[in-house]
Amino acid sequence: MSDSAPHLRLGTCDYPEHVPEDRWAAYARGQRELGLTFVRVAEFAWSRMEPRPGEYDWAWLDRAVEAYHAQGLRVVLCTPTATPPAWLIRAHPDILPHDAQGRVREFGSRRHYDFASPVFREHSRRITRALAERYGEHPAVAGWQTDNEFGCHGTARSYGGASAAAFPGWLRQKYGTLDALNEAWGNVFWSMEYGDWEEIRPPALTVTEPNPSHVLDYARFSSDLIRDFQAEQVALLRELSPGRFVTHNFMIFESGFDHYAVARGLDFVTWDNYPTGMLEFFAPPGVGEALKTRYARTGHPDLVGFNHDLYRGLLKGHGGWEAETGKTQPHTPGFWVMEQQCGQVNWAPANPLPADGAVGLWTAQAWAHGADVVSYFRWRAATMAQEVMHSGLLRHDETPDRGHAEVAGLDLGSFPLGEVPARVALLHDYESLWLYDQQPHSAALSYWAQTVAYYSALRSLGVDVDVVSADADLGGYAVAVAPAVTLVPPERAARWQAAVEGDGLRLVCGPRTAFRTPGGQTWAQGQFGRLSELVGARLLNYDSLRPGLEQAVGGGYAAQFWAESYRLAGAQATHRYQGGPLDGQPAVIRHGPVTVIGAHSEALIRDVLRDVLEQAGVATSDLPDGLRLSRRAGVTLVQNWTGENVAWGGRTLGPVSFEVRAEG
Amino acid sequence: MSDSAPHLRLGTCDYPEHVPEDRWAAYARGQRELGLTFVRVAEFAWSRMEPRPGEYDWAWLDRAVEAYHAQGLRVVLCTPTATPPAWLIRAHPDILPHDAQGRVREFGSRRHYDFASPVFREHSRRITRALAERYGEHPAVAGWQTDNEFGCHGTARSYGGASAAAFPGWLRQKYGTLDALNEAWGNVFWSMEYGDWEEIRPPALTVTEPNPSHVLDYARFSSDLIRDFQAEQVALLRELSPGRFVTHNFMIFESGFDHYAVARGLDFVTWDNYPTGMLEFFAPPGVGEALKTRYARTGHPDLVGFNHDLYRGLLKGHGGWEAETGKTQPHTPGFWVMEQQCGQVNWAPANPLPADGAVGLWTAQAWAHGADVVSYFRWRAATMAQEVMHSGLLRHDETPDRGHAEVAGLDLGSFPLGEVPARVALLHDYESLWLYDQQPHSAALSYWAQTVAYYSALRSLGVDVDVVSADADLGGYAVAVAPAVTLVPPERAARWQAAVEGDGLRLVCGPRTAFRTPGGQTWAQGQFGRLSELVGARLLNYDSLRPGLEQAVGGGYAAQFWAESYRLAGAQATHRYQGGPLDGQPAVIRHGPVTVIGAHSEALIRDVLRDVLEQAGVATSDLPDGLRLSRRAGVTLVQNWTGENVAWGGRTLGPVSFEVRAEG
Amino acid sequence: MSDSAPHLRLGTCDYPEHVPEDRWAAYARGQRELGLTFVRVAEFAWSRMEPRPGEYDWAWLDRAVEAYHAQGLRVVLCTPTATPPAWLIRAHPDILPHDAQGRVREFGSRRHYDFASPVFREHSRRITRALAERYGEHPAVAGWQTDNEFGCHGTARSYGGASAAAFPGWLRQKYGTLDALNEAWGNVFWSMEYGDWEEIRPPALTVTEPNPSHVLDYARFSSDLIRDFQAEQVALLRELSPGRFVTHNFMIFESGFDHYAVARGLDFVTWDNYPTGMLEFFAPPGVGEALKTRYARTGHPDLVGFNHDLYRGLLKGHGGWEAETGKTQPHTPGFWVMEQQCGQVNWAPANPLPADGAVGLWTAQAWAHGADVVSYFRWRAATMAQEVMHSGLLRHDETPDRGHAEVAGLDLGSFPLGEVPARVALLHDYESLWLYDQQPHSAALSYWAQTVAYYSALRSLGVDVDVVSADADLGGYAVAVAPAVTLVPPERAARWQAAVEGDGLRLVCGPRTAFRTPGGQTWAQGQFGRLSELVGARLLNYDSLRPGLEQAVGGGYAAQFWAESYRLAGAQATHRYQGGPLDGQPAVIRHGPVTVIGAHSEALIRDVLRDVLEQAGVATSDLPDGLRLSRRAGVTLVQNWTGENVAWGGRTLGPVSFEVRAEG
Ligand SMILES: [Zn+2]
Ligand SMILES: [Zn+2]
Ligand SMILES: [Zn+2]
């Protein structure tokens, strides 16, 4: 913590229990020599901490922590609850979760627990307490990670067992009476009305699709379970490890729970950034094969950037821990990349090597989007078990791998800490995601696909973006973009209206905005529900276009997958549909500072956004394909994500490279 | 019932229980003002009729029926058995059906019952009796719909529970002895012989494919269950609601039961016509992406037309109810479209808006194919639950949707009732379908695909077609076409032979005709079994062609997916294969009035059919692509299903439009 | 056994129990008249041998065997254990296997048993003993087939029931202590360490992928079960049927067990050869649609040839039964094709007719690859049950089918028995297959795909190949090719090293060679583990390329799907990568007689192999597309697998044809 000015720091994830003890000192020395500050350990080590029920073995971990300490490394410890040991599952098989097909998800990998299991909750608290009592005040320990990647492998929801048993109670708490629940869900629709709380099951294995309101509440219920599960660990860590941070490593595009709620009790947020796997495995529908091949060795800048900006915004407006000072501050904390890809991953259908320069580019991008720490996964490639094909900074044979060289070449001083000066907020909402994806109506679209299309348009215009909760304080922003916030309760509508009318905010909405009620129904008065006056229009028609079927929009645009039109009630049409069932109807409307884009067309979205940004005084640039700008702390990171030279601002950037410039 | 001449009447499906009671009067008034005659209600309302076991609540339905009555609307009531309420399932979870994967299909949507469940049968009779006692003689009640869409969501068969328990008894009834069953199924094949009735399970979860004879009998058994289930309701309605009709709304291309048997006790047949969803979701294999895109906004004329002609023919030769007089007549009844798409659907991968004019075109086509009533689904778009994305005549906000305007513009007087003058019968058989689809041998084909190919060829020649049972009386037809009747028992063979030899019928058969025995085996003497003499040939070879592999036929044709050849024994070859394993062998044969087409080639099928039709004195026309002719009551409906102008008969039809002309 | 010189003999598979007894004599006569020597019977006839528990009925089989005997045919009898009868399953439902989804695999087809079931083992021994006691010394009986196609329909492994119960015991036997097991599997990785043997389940239904070491041992365990199951039958047959052979009919590309271990107790190996179904259904990834269409009517020569060479090599180095003498000889036995396709199959998505000439070509190829007997499946096409669409030598109507004419036209005297003079060994290993396919890392590749690519390159160079165990004696070979032997234990490494250094063998290895340890981990010192010194290099990087992404190699090559590079430690690079992350790194290396090819490029593999072969003094030819050469007993079979004329050696071969020439 003693360099001249605050700047990006690095770390790695290490698993001393995976290698012979005689390697520990050498590894820690290598980590220090590479310039790392942090090392995350003991992530999945429950069976070594507690080999038999109640018999703790701390000796090995004491020595491991000492090895890092001896090299001046700061240790991040993990609660090991992502991997309950075999003896615990055998004693309490009802800990196991159930999948949506009614099958028990068995022991033998990880994340094999139901968040609702009372007995697992008890053991989660017990092991957390034991670990925190042992290491909570150890001088090497900088902080804590809870569990690992909540929701990964589709584990955010269990569709039977403990979760199924707990669901009726949660509903009773929420609704009080079955009449209220039946009304909220519209259960009259197919005689789905309940007469007893115990009749209510998880929304799985129904003959045809379940009620979306049922699905929505099951998602809320499951999200609450994760929030409460983690809160129990956080409370213990606060008590037993004063002055240390507590965080969690969130996963790429994870959709199974409300990240804002789960992040709330943390000091800051971390996430796990695997750009090539993200593109190959997690890309939303609409990202085609050609694009996947083009960016196979770097990942796509906007998919990665979106996740950075999303996780940076989770705790926006809340105070948090500061890496430089090691203290909790009242201002919004930075975030970490807890696991940063530094070679190839092992879990996508194809797992290409990163391009030369990609590890550096990813690190620089993470910094420019607000990361205070980037921690590489993992120190040495595992020689055993599920991840033997995953790379690390060291190869299986302990020689430095390609990523190691790139990390060694980074000039950390060129990455100063400071604010990301975003004047544009992109509004995001997990409940909208759950509803949208339950009824996408057009298989080629999804909540993430629609949301990322708007994000990518903004980034292609050279604009910095905060991804924030749809309920965030919008003060200070020039423009807010709500690409797919389909669920707008009255309070949210009122908040947006106040920001627009009171604060001069410009608001841009995508299709399906304010379509659904908090109960998951549609507004009886139709879209835009409580937002209608602000928008100055009502929904007229919506069209779901099969791939290959387009709907033209005046000005040479073509909507794909989705097109909706409006009946004007104050707003004006800036673009109209041409031909087809929507001929002549408004495709884009403007009502003073509010714009709604009804047609899903990347070119149209970009052009409309450019207009609005310029009117709002936000400067835009038409960036060349694959070039991106990100600003932080008064400087601009210019990034070339392509394999070719690209010119920008009078200079040429080589393939897969970056420059930090004084201005963009 | 007082207009000048009998003509098409309209209706809608309404769900008063889905909206506040203060809307009921306005909705009924709107329905009358739109010119509707019928309104179907209470389809899924069991939980409102009987909120708790044995406690009936009729008050709301009394008032709802009165609201329609006050506007002179005629009400069609439904038995609500498609949606057993939660309390019933909780009391008797063994009502739930099992899927082919061995899983219970749970409460939470609809159709969650096993037709074989004795306890559900009892409750089905009880609620039917209670409802019929209350409304059976209500002056507003015109008739009844049983349940809803038997078989939808793959519910025609349950593979466990009550059905599994009942299957052995059905088999014992049919076969008497296990020896007879083992012989009929050919169980010796893989030592599958049974020594005890209770050893016999549904044909599911077998290590590899089950015995097709086993599958065939399970389909027959399941079909009988549906027939008997409905018959119990029909008997009660007959007793308690004299003078009213009883019908059922069948589903698009539903394959799970014998529709002829299930229709037998009804006054007339109705079906649910969703042209765009049909094309996107139910199209047989072979309908490619290009065709789906071309007809995305109208559906394909021949897929829709086939279903019309199929359902018109279910009760052919049986008397039935007449919409005009409200009385049962000795002649073949017309049919209704009980649910007619009037906007977009919500259940296909893409759900495009209908083209301007499509709702009118669909209505006109339905009439021309024999519909006496077309009833739109639904009055107002639902604001809750599974179908919020499905449109109605009114939008969510109660404004008239696009379809409403088209309905308002229809001139019902231009659609007179009367006969469809078809001189061509297309022979259809559900047992053949079950066998064919269990062993398609060429994944690109199916029973429906092959059958619709012949139907479409006939329609492209401007010919009207009756789709009738393979066992129908063929008197009066000039030509009968059996595209895929693979199962021809001796009696059927004798009936065809009599019609050909006695009545001068011309018969055209597709490949695989008369391949299989009633037991599901092949004839020991080979194809064509008992039909061999009539055909004057035997099967020589059959060829299953992968996509991309074609077999040429002389005259410039190319068989796709299937090619079979014949050894002549009286017949003559009119076309022979060229090259390949079938080189020089007969591809099409003629034996006097009987023609067999062995090659699956759309062009060849069309050319052979044209020849046969002309010889039979049935006039043909080579219609432009997307133009169709349908005749009824002495006039011709000329339809343009394309988005372009099409000329016909000296006049030009605009995109998606129709004309009623004095002649075709 | 009396023709002038030893030559190929023919047989067929017949099922007298499938037809009326009055056909038996005629069928046997027809078989003799066609020139057949062998007939395989009673394959699935358990329910006829033992209609009720303990009640045997041999009368029908006595008469059937007599019918063949009367025509001088030699009978191959089968143990009927692939089809346990219904009464046995009903008495012991725990015989049924479980699939990987946790479902019981039910009665109603075949192979519905768990190899670990003690009660099934008992019944298997009982029926085998009873059958062998009855027919063991019958003069017509030439030998025995055990069961049928072990592993077919994914039955090599059961994931529950008896297998699940037996697995812990097998592990305890292997590892002795849980510490040893936990260490071998690397269970510390995700706290998967076991504290009790009974905690260990089959590797199924885990939340994410199971530990590959767990999967590997489950595969070994399951393979051992099959070995032991068969050994029990073999022991009884040896005891009760002296002087007769015992064999098993293995299946195309079956991967579920170690064929070397299962073959060990047999007199010779047979396999079931269905060339068109193999191409359509069993082709490894990478065989595209165009190739499938091109070879749709013949199958691909190298897929078929690979299986021939694989099965010929199973017992290499072991003595066996000789068809000519009917005696067991000390030299390596020939093999049989027990089921040879002679028309169309019924189990692929498309099932095209074989080309004219294909049945002859397949028979000739089988002979040239070492078959002593080719037995056609089946005599008459079945008229019942699952395989009614499968052809035989006779059609359903008992007329000779197309294949019958081709068999009748064969000149058996032109197919002399004798050695296949292969100087190239292709090394194969089932454990490597299991590990590779559990973690392919590149979805477009698999063990078979990589292995067959090398095999096909060799065949395209006109070279004869022995496919042998990776642990086979390599004496006598000029070149050994190890395409994908990823698991190289120390003993194997030592054996290879000795063959190279001591015997002058040239060794060519594909990527991933010697990557994994016997426990399924990677070598801590990295690839090539114990082989590093021999190879003179270490792995540097490996790259998994998505379809469409290529990695160039100097000389105009392009790697697809996989590219790995090396750090030289004695070896020299003969080819280097160009551009991309591997720019300049070695792609192909040579260390004296050892060559490693790291890039997956068909052209490169072929060119490198040609070089090595020439240096080893093995003559190569650049064969035209679709032309293949196979040598046996001093003559060369020239085969044209295409539909066009192909010239070779100054003569032209017609479409789908062959010639036996004095030299190649
Ligand atoms: Zn991770
Ligand atoms: Zn419906
Ligand atoms: Zn077989």
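Using N, Cα and C of the backbone, Cβ positions are placed for all residues, glycine too.
What TrEMBL records for C:15-408 is domain 'Glycoside hydrolase family 42 N-terminal'.
Summarising the annotation, TrEMBL assigns substrate binding site to C:ARG110, C:ASN148, C:TRP347. Taking the Cβ of C:ARG110 (substrate binding site) as centre and 10 Å as the limit, one finds 24 other Cβ atoms among all the protein chains shown.
Mapped onto three states, the DSSP output places C:GLU149 (active site, proton donor) in coil. Positions annotated as active site, proton donor by TrEMBL: C:GLU149.
Classification of C:GLU339 (active site, nucleophile) by DSSP places it within a strand. Long-range C-beta contacts of C:GLU339 (active site, nucleophile), restricted to its own chain and to partners at least six residues apart, with a cutoff below 8 Å, comprise C:CYS13, C:ASN249, C:ASP272, C:ASN273, C:TYR274, C:SER375, C:TYR376, C:PHE377, C:ARG378. According to TrEMBL, the feature active site, nucleophile maps to C:GLU339.
What TrEMBL lists as domain 'Beta-galactosidase trimerisation' is C:422-618.
Once the Cα atoms of C:ARG110, C:ASN148, C:TRP347, the listed binders of substrate, are compared pairwise, the greatest separation found is 17 Å.
Taken together, the residues in the domain 'Beta-galactosidase trimerisation' (C:422-618) have a mean pLDDT of 97 on the 0 to 100 scale. Of all the recorded positions listed (C:ASN148, C:GLU149, C:TRP347), C:TRP347 has the fewest other CB atoms within 10 A of its CB. Across the structure, C:GLU149 (active site, proton donor) and C:TRP347 (substrate binding site) are spaced 15 Å apart at their Cα atoms.
Checking the recorded positions C:ARG110, C:GLU339, C:TRP347 for a CB within less than 6 Å of any atom of ligand 3 leaves C:GLU339, listed in sequence order. Annotation note: C:TRP347 (substrate binding site) sits in a coil segment as assigned by DSSP. Using a cut-off of under 8 A between C-beta atoms, the recorded positions C:ARG110, C:ASN148, C:GLU149, C:GLU339 that neighbour chain B are C:ARG110.
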